[in-house]
Amino acid sequence: MPLSSPNAAATASDMDKNSGSNSSSASSGSSKGQQPPRSASAGPAGESKPKSDGKNSSGSKRYNRKRELSYPKNESFNNQSRRSSSQKSKTFNKMPPQRGGGSSKLFSSSFNGGRRDEVAEAQRAEFSPAQFSGPKKINLNHLLNFTFEPRGQTGHFEGSGHGSWGKRNKWGHKPFNKELFLQANCQFVVSEDQDYTAHFADPDTLVNWDFVEQVRICSHEVPSCPICLYPPTAAKITRCGHIFCWACILHYLSLSEKTWSKCPICYSSVHKKDLKSVVATESHQYVVGDTITMQLMKREKGVLVALPKSKWMNVDHPIHLGDEQHSQYSKLLLASKEQVLHRVVLEEKVALEQQLAEEKHTPESCFIEAAIQELKTREEALSGLAGSRREVTGVVAALEQLVLMAPLAKESVFQPRKGVLEYLSAFDEETTEVCSLDTPSRPLALPLVEEEEAVSEPEPEGLPEACDDLELADDNLKEGTICTESSQQEPITKSGFTRLSSSPCYYFYQAEDGQHMFLHPVNVRCLVREYGSLERSPEKISATVVEIAGYSMSEDVRQRHRYLSHLPLTCEFSICELALQPPVVSKETLEMFSDDIEKRKRQRQKKAREERRRERRIEIEENKKQGKYPEVHIPLENLQQFPAFNSYTCSSDSALGPTSTEGHGALSISPLSRSPGSHADFLLTPLSPTASQGSPSFCVGSLEEDSPFPSFAQMLRVGKAKADVWPKTAPKKDENSLVPPAPVDSDGESDNSDRVPVPSFQNSFSQAIEAAFMKLDTPATSDPLSEEKGGKKRKKQKQKLLFSTSVVHTK
């Protein structure tokens, strides 16, 4: 062991004196070169040279004593801890530790567990082994055999150049936006004093949350408050889309010292001012086998509102809240202040007052009263705005009339002074005729402008109309004639002018109750073949649901289904295939599309099989984790390999007994030759159906006496005189022959599809061996006859190959 330097010994003694320990004797002994044995109770000798790790031992020998003097004797404790901690890393500094001795003694004592005083104990706590065990956060996903990537992140290389491709990858998952999903799948009642032109031009434009007065949700089940687990009273919805009772969410927000709190479901920020009124309506959830009614819808190209063909109208302005016929087909419903007061605020007020009467003596009553107070504030604001709005509306209307009438009167005065008097006088006659058809009291200048616009309208529309026709034809080819063009002219409008051409329209079938369920293209092609186009198809059809496929609107889906381009992104919809029957479509039409219908049927069956197999595999894996393993299934259908005792003893049609002991395997009374459960089943059920027809019933005592098989003693008494004791019966095909397995697939499932199942190796191997033995047994029965007739010895036959696993035989 190398000796410690005097400097190290002196420094160590100084540290011991400061800490109040008595280690002077150990220090003197160490300076003489004698290393005393170290006991378990005493601390490690700090005077000795500190042992470095295996990594540092070779590096420390490179330096001599002259190198030691270059280091300062007294270095701060933090620098030593930093150097010591860096030695455990992969790229540690191979410089030897400081020869100071004091800190090295503390470092060694922290790992060897020696007793220290209180001063050293406080310093040693900083050198805990956890400080050198690597990072504090350890990924243990490999122990769970499970990996999870957060949704919306396409790559792990954030902030580096290596992950740039993942961000540009168009096949990656798009980040999920809660607000976009909420606004795509809900209907909003908004205040009418705002401009919503952009929302009727682009379906993906988000509605300003401050303009929302009420949110309407259509779901298959009534939501419940996640706090009280009851149907929400005076329900409020957050911006993240979660619904709560108004009193419950106020109670939850009051628990936080901040003005906002995290959502108890998704941990998004929830502000009190962002809570909006919500109404949830329950809709019927259609499943396979239900009868659904779909109606024919019509939508002009470029318009985002699709209406039933029977109720179709030009959607020139947004639909208001009071329009009950068309309100379910629009995303935005404009409401006035009076409508918000009567249809939103008053309903919540009644619900809160009823809840307060029921829970007046509960701790929740204070939050119900707070909700009522906030509702009164909202009511006062709406009523005040409504009163002031009436006054402002009257003033604005008067100003608009003054502004509009002044230039019109001025224009009518200066029109006769224009240069081309002949054209104006000739055009004036037509203007007066048209005006006489409408209202004679209207000014002459206003119809003049409208007439000029109407006359000049067809000229620039010629080229766009042709382009629309070509684009529409492409849509029909891609979508199986989903949409058709409306070529008929519109009737005369109120102003007396006719629209010479109309834009193309999309026709499609949607669920009658307004759900986003649309007809499958296969059914659409059947209807187009039957009626010529969807425009001439029935307005409503009813049929049985065969398949429902759910989708979420994306850019790719929007390009494939252009007739659904009015749906916003992330909007959920479903394509429904129906079993159309006469009289909706004729039998000839169904026969024409029978191949497509059968193909889709086989695809559904295949998908169902794969799902069942997957469920079975998952169930087996889960059972294996719990120590439950599947039972071994041994097929006992072959009666020759597994003979049953009942089947031979209870047959009354022929004599009982085996055919031969060599060929087909003789049936003996020994229990070893029977199947395991045949004897027990026979004893437990002596009155079987086969035995009751005339065969004698057996019991335990008379089994040996009444048995038709001769015993061994009887065979000895008879001797060789009567050798042919066993009666020979013709082998039955249903007992001795191989029973072909049922036409099932490898998993034991069958269907009417044309798929050929893969044979099991176990069954094919056993059947091949048994068939080979049967072939050998067949000529053995004819040997006595050939010997009697010919009297000659048979020639030695060549050996036959029983079974071979190889496919190609080469010499």
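The backbone N, Cα and C atoms fix where each Cβ goes, and this holds for glycine too.
What you see is a predicted model, and the numbers here were worked out from it, not measured in a lab.
Within the list S110, S388, S533, the entry that Swiss-Prot describes as phosphoserine is S110. As annotated in Swiss-Prot, region 'Disordered' covers the listed stretch 653-672 rather than the other ranges in 413-432, 453-472, 553-572, 653-672. When S128, S503, S695 are compared with the annotations in Swiss-Prot, the one labelled phosphoserine turns out to be S128. If you take every residue in the region 'Interaction with MEOX2' (101-185) and average the pLDDT, you get 54. Helix, strand and coil content of the zinc finger (225-267), in residues and according to DSSP, is 9 helix, 7 strand, 27 coil.
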